[in-house]
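Participant: I am attaching a structure below and will ask some questions about it afterwards.
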Amino acid sequence: FNAAMLDQPRDTKASKVRSNVTNINVINFPGLNTLGISLARIDYGPLGVNTPHIHPRATELLTVLEGTLYLGFVTSNPNRLFSKIVKKGDVFVFPKAMIHFQMNLAHDKPAAALSSLSSQNPGVISIANAVFGSKPPISDDVLATAFQVEKDLIHWLQSQFWGNTNY
């Protein structure tokens, strides 16, 4: 799969969240079929974020290639955050199906990471996109009650662009 050019930084300026994910999985690299592995390169612009998301079918091992990242995941019952600041060469693991995120802490330079996943098709569910951008939308009554906010805020959140942030 020579065309991947994972050594090349990707543009992050076109993204609202200032990051860009390049996936190598069974969908674009059929040679991974039945092997149970995939990977991704994540590029972060200054203060770029890989927004909270889950991989329903994979554990993720992230290696920092360049820069300094703040990252973490939240366990289930109780909802406990495990977070860390990591630098070039550091490795961090995100357990399967746990909400996790990364953020470039630098205000003036990019960062990059390589993510190895334990599935040929790990899937991804972006939390904000799923909750506020689903089609058809989740009932504003349900969301206002769940988040304990006014419906006007829910309507505003649902009106924002909730396209594919990276995947």
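Backbone N, Cα and C atoms are what each Cβ position is placed from, and that goes for glycine too.
Quantities reported herein were computed from a predicted structural model and do not represent experimental measurements.
Checked TrEMBL, it gives:
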- Asn50, His55, Glu60: oxalate binding site (BINDING)
- His53, His55, Glu60, His100: Mn(2+) binding site (BINDING)
- 12-155: domain 'Cupin type-1' (DOMAIN)
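Could you tell me the structural context for the features on the list?
Facilitator: Here the Cβ of Glu60 (oxalate binding site) has 23 other Cβ atoms within 10 Å, regardless of which shown protein chain they belong to.
His55 (oxalate binding site): 25 other CB atoms within 10 A of its CB, across all protein chains.
Helix, strand and coil residue tallies for the domain 'Cupin type-1' (12-155), in that order: 22 helix, 59 strand, 63 coil [DSSP].
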Participant: List, in sequence order, the residues of the same chain other than His53, His55, Glu60, His100 whose Cβ lies within 8 Å of the centroid of the Cβ atoms of the recorded Mn(2+) site.
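Facilitator: Apart from the listed residues, the neighbours are Ile54, Ala58, Phe73, Phe94, Met98, Ile99, Pro122, Val124.
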Participant: In whole Å, how far does the CA atom of Asn50 (oxalate binding site) lie from that of His100 (Mn(2+) binding site)?
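Facilitator: His100 (Mn(2+) binding site) has its Cα 9 Å from the Cα of Asn50 (oxalate binding site).
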Participant: 10 Å Cβ neighbour count around His100 (Mn(2+) binding site)?
Facilitator: 23
Participant: Report, as a single number, how many Cβ atoms besides its own are within 10 Å of the Cβ of His53 (Mn(2+) binding site).
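Facilitator: So the Cβ neighbour count for His53 (Mn(2+) binding site) comes to 21.
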Participant: Quick one: which residues besides Asn50, His55, Glu60 have a Cβ within 8 Å of the oxalate site's Cβ centroid, in sequence order?
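Facilitator: After dropping the recorded site residues, what remains is Ala40, His53, Ile54, Ala58, Leu62, Phe94, His100, Ser115, Leu117, Pro122, Val124.
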